[in-house]
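Annotation comment: TrEMBL describes 58-211 as domain 'Yip1'. Residues annotated as transmembrane segment in TrEMBL: 73-90, 102-123, 129-156, 163-185, 197-216.
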């Protein structure tokens with residue numbers, strides 16, 4: 001009865017219908033690796049560790065795609081708020097003196113980063129909008145450290161030595177930010193347009209460095 005079935009072949013044009021089931025072990029492994037079932041504490045610690053690793057990549061700049069691959073905006077937001085708070089001048093009337101400085105720094109940092117990102121895309125860069133924002137924001141870390149050092153130096157008596165120390169710190173950290181940002185962004189630009197992409201980055205960090213150097217607490 002079934003002797004002739006062995007000679008029947010299925011054409012490749014005939015679609016094969018049916019349902020492919022996933023083994024239970026694979027489903028359990030996929031469920032365990034999901035972040036939806038982890039606690040809030042574990043999520044916060046995981047994000048903080050990721051931010052810390054990116055900080056280390058900026059402190060020790062080298063050609064790497066870590067900031068581009070695992071981008072986030074938590075680190076840039078933390079650095080921007082910290083820098084804006086340290087640049088905030090203290091006065092009796094905080095509404096007239098303290099508030100505008102915070103908003104000014106916040107707008108300059110984010111507007112500058114967005115402008116550089118758009119310039120990079122117009123020049124033919126192969127990174128996304130948020131990847132560029134991530135790199136530019138994380139590379140503010142050296143300038144944030146410079147601001148912290150300058151605040152400590154300003155606690156001493158003002159004078160030429162005080163200014164020279166702050167000038168040296170700001171120049172070193174400014175160069176560090178440039179080197180770190182170009183190490184991550186250089187390969188994302190066309191070879192004949194790298195200078196056009198780096199020049200706005202130079203101006204961006206120069207403006208922030210100038211704000212740090214000219215800061216005087218009241």
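Glycine is treated like the rest: Cβ placed from N, Cα and C.
Remember, TrEMBL labels are computer predictions, not curated facts.
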* Structure fact -> Tertiary contacts of the transmembrane segment (129-156), defined by C-beta under 8 angstroms and 6+ residue spacing from its ends, are 54-55, 57-59, 67-68, 71-73, 75-77, 79-80, 82-83, 86-87, 109, 112-114, 116-117, 120-121, 162, 165-166, 169-170, 172-174, 176-177, 180-181, 184-185, 201, 204-205, 208-209, 212-213, 215-217
* Using a Cβ cut-off of under 8 Å, list the residues of the same chain at least 6 residues beyond the transmembrane segment (163-185) that approach it. => 58, 61-65, 67-68, 120, 125, 127, 132, 135-136, 139-143, 145-146, 149-150, 153-154, 197-198, 201-202, 205-206, 209, 212-213
* Across the domain 'Yip1' (58-211), what is the average pLDDT of the model, as a whole number? -> 82
